[in-house]
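Feature annotations, reproduced from TrEMBL:
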BINDING   22, 76, 107, 168, 271, 272, 273  GTP binding site
BINDING   29, 33, 36  [4Fe-4S] cluster 1 binding site
BINDING   35, 80, 131, 202  S-adenosyl-L-methionine binding site
BINDING   266, 269, 283  [4Fe-4S] cluster 2 binding site
DOMAIN    13-232  domain 'Radical SAM core'
REGION    323-343  region 'Disordered'
Ligand code: SAM
Ligand code: SF4
Ligand code: SF4
């Protein structure tokens with residue numbers, strides 16, 4: 001894997017480059033998190049995508065390869081639950097071979113990590129984000145909609161650490177649901193030495209019945225932790241960094257905050273998403289994706305496909321979260337679900 005200086009980078013209408021691609025490898029999940037795939041809606045008969053509709057690993061790698069000259073350097077594999085996709089380690093190995101890609105990461109609920117962490121590391125995966133919303137079994141079981149125990153996710157985190165991966169833990173905070181878990185989570189992962197990132201509950205999709213009064217503003221989280229263990233702000237590492245970071249004073253340990261609701265970061269958003277069925281989305285809150293799968297499965301040449309993707313990015317003017325700050329946007333009824341688009 002090399003970080004070569006390739007040209008022809010594209011920018012969108014608001015002059016934002018395309019540098020990150022988040023790729024969903026499945027729309028299926030073994031959890032039913034209330035804020036993402038509520039169990040009442042995504043029941044046993046829910047029609048998830050058939051295998052033939054998913055992009056193959058070869059198709060995914062062709063897309064990534066075509067996106068490198070447009071500016072893409074970072075790849076995140078996500079879902080649904082990406083570890084449910086058979087042979088994910090093979091995809092990691094294939095992406096690692098693509099010239100120009102300098103970073104590959106996976107976002108997972110951690111449930112299958114105990115069995116897969118070493119395989120993924122061996123395939124070249126160095127970074128993983130594991131989602132965990134509470135250390136309290138009852139609350140976590142309710143939030144994941146499956147009664148899945150905390151300890152099994154902690155075992156997954158342990159397995160990834162043991163395999164030599166760098167770990168970030170993601171916690172979605174919902175007022176009245178798990179806000180009492182913020183400080184215990186911060187203390188636990190301070191001791192463990194893994195970066196914990198707090199994500200403001202977002203109005204992704206339509207299924208979760210999002211309400212603004214269920215959002216805990218990041219500043220409240222910083223204040224609550226600061227009272228127990230003092231924090232100081234850390235400057236952004238690079239253009240487009242999503243998380244605001246704080247360091248525990250007198251240490252090199254950090255937390256991060258992803259404040260899509262109270263501190264929108266659209267002006268530096270460099271991410272595109274590709275759903276498991278091959279639709280390209282230029283915003284997490286988009287209502288419509290651009291079908292790439294039919295082009296990948298047609299006679300379209302690499303040059304044609306690449307200029308197609310460049311065109312979508314160049315016409316991008318999304319800034320949903322900034323608009324949300326001013327007034328609730330009117331697009332709510334048509335947003336794509338996050339598990340489908342890739343979180
Ligand atoms: N299944 C994997 C997981 O949960 O880590 C990957 C996909 S999931 C859609 C990606 C991330 O989105 C997770 O960290 C999850 O907590 C977060 N997420 C899902 N719905 C959300 C919401 N409504 N607000 C904020 N974050 C959300
Ligand atoms: Fe599954 Fe992740 Fe969505 Fe939870 S957040 S339901 S683990 S895709
Ligand atoms: Fe990027 Fe859309 Fe989120 Fe803004 S709302 S930061 S444009 S994904």
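Count begins at 1; order follows the chain as displayed.
Any Cβ shown, glycine's included, is placed from N, Cα and C.
The subset of binding-site residues (29, 33, 35, 36, 131, 283) lying with their Cα within 10 Å of the Cα of residue 107 (GTP binding site) consists of 131, given in sequence order.
Checked against ligand 1, the binding-site residues 35, 36, 76, 107, 131, 202 give 35, 36, 107, 131, 202 in sequence order as having a Cβ less than 6 Å away from one of its atoms. Taking Cα separation as the measure, residue 33 ([4Fe-4S] cluster 1 binding site) is nearest to 80 of the binding-site residues 22, 80, 266.
The distance from the Cα of residue 131 (S-adenosyl-L-methionine binding site) to the Cα of residue 168 (GTP binding site) comes to 8 Å.
For residue 35 (S-adenosyl-L-methionine binding site), other Cβ atoms within 10 Å of its Cβ number 23. Rounded to a whole number, the C-alpha distance linking residue 168 (GTP binding site) with residue 202 (S-adenosyl-L-methionine binding site) is 19 angstrom.
Residue 76 (GTP binding site) sits 15 Å from residue 283 ([4Fe-4S] cluster 2 binding site), taking the Cα positions as reference.
Comparing C-alpha positions, residue 22 (GTP binding site) sits nearest to 80 among the binding-site residues 29, 35, 36, 80, 266.
With residue 36 ([4Fe-4S] cluster 1 binding site) as the anchor, the candidate binding-site residues are 80, 269, 271, 273, and the one with the nearest CA is 80. Excluding 29, 33, 36 themselves, the residues of that chain whose CB lies within 8 A of the CB mean position for the [4Fe-4S] cluster 1 site are, in sequence, 31, 32, 35, 37, 81, 109, 144, 145, 339.
Close contacts with ligand 3, defined as a Cβ under 6 Å from any of its atoms, occur at 266, 269 among the binding-site residues 22, 29, 33, 36, 266, 269.
When averaged over the domain 'Radical SAM core' (13-232), pLDDT in the model lands at 97. Checking the binding-site residues 29, 33, 36, 168, 202 against ligand 2, the ones whose Cβ sits under 6 Å from it are 29, 33, 36. For residue 202 (S-adenosyl-L-methionine binding site), the count of additional Cβ atoms within 10 Å of its Cβ stands at 22 [all protein chains shown]. Using Cα positions, the member of the binding-site residues 35, 202, 266, 269, 283 nearest to residue 29 ([4Fe-4S] cluster 1 binding site) is identified as 35.
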